[in-house]
Every structure is written in structure tokens, then in C-alpha cells.
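A short write-up of the structure that comes next.
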């Protein structure tokens with residue numbers, strides 16, 4: 001049965017819109033855990049557009065579940081991860097001009113650099129995941145580089161409908177099976193919401209789904225704890 005990782009970046013987005021101290025994502029992480037979140041995900045971007053360094057450190061000290069730190073593979077982020085010691089790190093591509101992460105890492109073109117980067121994190125006993133598109137080549141490189149997990153990018157699945165969405169779902173299923181055969185733990189995320197999550201959650205050996213925007217959007221209407229409970233129920237009711 002898949003677990004639920006709640007991404008709280010959008011709480012920080014609201015705070016940073018006014019450059020003030022509220023809403024505090026650390027407080028909302030606590031509410032997400034009350035609602036059943038199995039882990040908390042934050043993306044510390046190089047431009048600090050939402051999550052700030054203090055958020056990461058405070059979350060590590062206060063949350064009761066696990067902390068998943070999404071970050072680019074840079075020396076600055078490596079040092080922050082080694083100081084913070086999150087439960088695991090998910091390496092993601094990053095462009096300053098993007099609104100949100102647009103696609104998976106290209107592991108092939110950065111294989112040696114990423115291998116050294118992953119080894120460095122593992123020396124600090126941090127497990128490492130790669131955010132990748134559901135492609136066989138990228139999954140094979142994930143194993144070769146030494147990642148413990150992969151997170152399959154579900155953005156395309158979320159954007160499509162009908163037969164095209166079905167084809168993308170099959171690609172995600174096949175990618176999950178390939179990764180499992182290679183000994184990789186499989187997470188998934190991006191664009192998942194209350195209407196499309198169940199088919200992804202029902203994939204055999206899917207470990208965790210990382211979801212943020214749809215939960216936060218629904219929380220504006222019904223409250224965060226309840227919105228997390230509803231998503232958790234959808235994931236676990238297979």
C-alpha cells in the first residue's frame with residue numbers, strides 16, 4: 001500500500017508573497033501529520049522562492065514522520081543536506097524561470113557527477129532518490145549511479161485524458177516493475193490530485209506518492225487536516 005508524502009511548498013509560497021512570517025509551513029506540517037501524512041516534502045530551491053533554510057532545519061527538528069528534501073545537485077545544497085540530515089533527499093532538475101519542476105533529471109548526461117554526489121550524501125547516512133521521467137534508460141541509470149529510490153514524474157499522466165492517459169499509466173506501471181526488478185524503491189508525484197490519484201496508488205509496489213498543490217488548494221476550502229485525511233483515504237482504500 002502506498003504512503004502519502006505531503007509537499008508544503010505552497011504554504012511557503014503564500015508566506016513569501018508578502019515576505020512575512022505567516023503562514024508558517026512548519027505549523028502546517030504538524031497539521032498534515034495529524035491528517036495522516038507519512039512524510040513531509042519540501043523543495044529548497046536555489047532562489048529560495050518559497051521554502052527557506054530555517055524551514056528545513058525546523059522541520060527536521062519538529063516533525064514526527066520523515067523529511068524528504070527536494071533539491072538540485074549543487075555544492076550549496078549538498079552542504080545544507082549534510083547539516084540538516086533529512087531522512088532522504090530527492091534530486092530534481094531546477095530552472096529559475098520555471099513555475100514548478102517541469103520534467104525529470106537527465107541522468108545519462110550527468111552520470112559521473114551524480115554518482116559522486118550520491119556517494120557524498122550516503123556518507124552522511126542520507127538515502128537518495130532521483131526525480132525522473134518514466135523511461136527505461138533513466139531507470140537503468142538510476143541503478144548504475146547508486147540511487148536508493150526513484151520518484152516517477154506523473155505530470156504527463158496528470159495532463160492527459162482518455163486513451164492517452166491510459167498509455168501513460170501503462171508506462172508508469174512498466175517503469176515501476178522495471179525499477180523493482182533492479183532493487184529500486186519507487187515513489188511518484190507531480191500533478192496528482194483527488195481525481196487521478198487512485199490509479200497510481202493502486203500500482204503494485206508503489207511506495208509513496210508526493211502530493212502538494214491539490215491538497216493545499218482543497219485545504220483552503222475545508223482545512224488542511226481534513227484535506228490530508230481525504231487524500232490518505234483515497235490512497236489506502238484499494
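The backbone N, Cα and C atoms fix where each Cβ goes, glycine too.
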Exercise for the section: Name the one residue among 155, 162, 183, 191 that Swiss-Prot lists for the same 3-amino-2-oxopropyl phosphate site as 7, 18, 212, 213. Expected result: 191
Fill in the blank from the handout: Spacing of the two Cα atoms, residue 18 (3-amino-2-oxopropyl phosphate binding site) and residue 10 (1-deoxy-D-xylulose 5-phosphate binding site), in whole angstrom, works out to 13
Exercise for the section: Whole-number Å only: compute the distance from the Cα of residue 70 (active site, proton acceptor) to the Cα of residue 7 (3-amino-2-oxopropyl phosphate binding site). Expected result: 10
Practice task
Look up residue 190 (active site, proton donor) in the DSSP assignment and reduce it to helix, strand or coil.
Solution key: coil
